[in-house]
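So the structure is just underneath, and the comments pick up after that.
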Amino acid sequence: MRSNIMTIYLVRHGESKSNYDNKHFRSYFCGQLDVPLTETGTKSADDLCDYFKEKQIKHVYVSDLLRTQQTFEHIFPYDIASTTTPLLRERSLGVFEGEYKDEISANPKYEKYFNDPNFKDFRHSFSQKAPEGESYEDVYQRVEHFMNHVVNEDTQKDDIVIVAHQVVIRCLMVYFNNVSREEAVDLKVENCKPYIIE
C-alpha cells in the first residue's frame, strides 16, 4: 500500500481557539471553521520544531485551514518542501458549524440529530453525518485519495509529515490498519503529538 514511504509522522494542529473555547466556555461545533491557534497551541508547535530538526523529513503535507497552516509554520520555520491541500481538511459538520451545541440540540428543526438513532450518533459514527456535512466515511475517501494520488506520486521512500486534524488522523489510522473504523471514532488524538507510522 505504501511501499515507497519509510516513515510517516501524523501531527494534529496545536490547540485552537475552538479547542480552548470548548473546554472553558460554551461548546460549539467547529468542523471546518477557520480558527487560529491559541498561545498554548503556538508554543506546542514551537516545541515540536526541535523534535523534527533531528529527523530526515523530505516533505510536509498540510491542511489548508489556518490552524494547521500556523502549526506547520511554527514546527518548520525553515525552508522545507511542502504541499497544502484541502484533502486534509477537518470533517465538515455542515450547517452545525459555529452553532452552540446546547442551542442546536434544542432546535426542533434538528431534533432528529440528537434523538433519532438513525442520526444522533453523527459525531461518533463512520456513516452518519450532520446536515450538509460529511461522515467519517466521506473523510476516509478524501484521505484514501490523498494517499493514493498525492503522496504516492510525490515521494520516493522519503520520510514525510502530515499536519492535519483529529478526524483526518483517525481516518489515516484506519487507512494504515492501526485501528478499526469502530475504534477510530473515539480515538483521542492529542494536539501537536507526533503519531508515527512505519
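Cβ coordinates come from backbone N, Cα and C, glycine included.
Keep in mind that this is a model prediction, so the values were computed, not measured.
What TrEMBL records for Arg12, His13, Gly14, Glu15, Ser16, Lys17, Ser18, Asn19, Arg67, Lys101 is substrate binding site. Residues or ranges marked as active site, tele-phosphohistidine intermediate in TrEMBL: His13. According to TrEMBL, the feature active site, proton donor/acceptor maps to Glu90. Sequence annotations record features per position, and here TrEMBL assigns site 'Transition state stabilizer' to His165.
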Are there any residues in the same chain, six or more apart in sequence, whose C-beta is under 8 angstroms from the C-beta of His165 (site 'Transition state stabilizer'), and if so which?
Arg12, His13, Ser63, Leu65, Thr68, Leu88, Arg89, Glu90, Arg91
Using DSSP with the three-state reduction, classify Arg67 (substrate binding site) as helix, strand or coil.
helix
Could you find out if DSSP has Ser18 (substrate binding site) as helix, strand or coil?
helix
Across the listed substrate-binding residues, Arg12, His13, Gly14, Glu15, Ser16, Lys17, Ser18, Asn19, Arg67, Lys101, what is the farthest Cα to Cα distance, given in whole Å?
23
Excluding its own, the Cβ atoms lying within 10 Å of the Cβ of Arg12 (substrate binding site) add up to 27
Ten-angstrom check, please: count other Cβ atoms within 10 Å of the Cβ of Gly14 (substrate binding site), all chains counted.
28
If you rank the binding-site residues Ser16, Ser18 by how many other Cβ atoms lie within 10 Å of their Cβ, the lowest count goes to Ser18
Close in space but at least six residues away in sequence, with Cβ under 8 Å from that of Arg67 (substrate binding site), the same-chain residues are His13, Gly14, Ser16, Asp34, Val35, Pro36, Leu37, Gly41
Students should find that the Cβ of the residue listed as 'active site, proton donor/acceptor' has, within 10 Å, a number of other Cβ atoms equal to 25
